[in-house]
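In what follows, a structure is listed as structure tokens, so that the remarks can point back to it.
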Amino acid sequence: MGHKVKIYEVRKTKKTDEAGGMPLIGDPFPKIKNVKTTQGIIKLPKEYKGKWFVLFSHPADFTPVCTTEFLEFQRHYIDFKLLNCELIGLSVDQVTSHLKWIEWIKENFNIRIEFPVIADNGEIASKLGLIHPAKGTNTVRAVIIVDPEGIIRAMIYYPQELGRNLSEIVRAVEGLRIADDEKVAIPADWPLNRRFGSNVIIPPPQSQEEIIERKQNVEAGEYACIDWWLCHKPWFKKYKTSEWKEL
């Protein structure tokens, strides 16, 4: 049989920090030294080597929607931990502002924010493309998902007036992990897809030989197909996060 093309394989570029422009999906996360956070100075992405991490930016401290988001990020923190994923926030604010806001959240909601928050002077946000020219120094609501190799796997942007859906961010991290581990793809609305449920999608064949092999696999009961190019198989969760408690 010929070489199998991995159509869902991440195209990892060789873009360097000197190449200019904001990073894109498939690019290495830029190497950044002396990152000041509420938990000390770190280096990115080195701090999270061997782990997934989600960097999320918010427009400003002490704002209503951002406060609701921090509460939800903390509530889902255990779900990210179970996925070998860390969280780190960012906004263009002083570290003292972050610390006071975190203190205020604890005093008013009895919730302790456990993940670090970057105190940026605008340099990191600009490098990552998180500041809109028309919005001054306020960072957009962005989510950047980075894999254990330091490769950007997903980027999601929200307007200032719309808070993020944490269930979708957890789903994105989990789906990317499964795609990597099982060499599959994740259907729409997974794991609650109306047609496929929590099943995952098998990449379509790329040759006549693979089509024949696919039909043999179906006959053997390894997975089900609507047609040879649209096949799926069960995936069984190895642990439970809050997203699966009702399943």
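Placement of Cβ uses the backbone N, Cα and C atoms for every residue, glycine included.
Pulled from TrEMBL:
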ACT_SITE  CYS66  active site, cysteine sulfenic acid (-SOH) intermediate
ACT_SITE  CYS66  active site, cysteine sulfenic acid (-SOH) intermediate
BINDING   ARG141  substrate binding site
DISULFID  CYS225-CYS231  disulfide bond
DOMAIN    23-178  domain 'Thioredoxin'
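Close to CYS225 (disulfide bond) in the fold, though at least 6 residues off in sequence, lie ARG214, VAL218, CYS231, HIS232, each with a CB less than 8 Å from its CB. Rounded to a whole number, the C-alpha distance linking CYS66 (active site, cysteine sulfenic acid (-SOH) intermediate) with the residue listed as 'substrate binding site' is 9 angstrom. This prediction places the mean pLDDT of the domain 'Thioredoxin' (23-178) at 96. Of all Cβ atoms in the protein chains displayed, 22 besides its own lie within 10 Å of the Cβ of ARG141 (substrate binding site). If you draw a 10 Å sphere around the CB of CYS66 (active site, cysteine sulfenic acid (-SOH) intermediate), it holds 20 other CB atoms from the protein chains shown.
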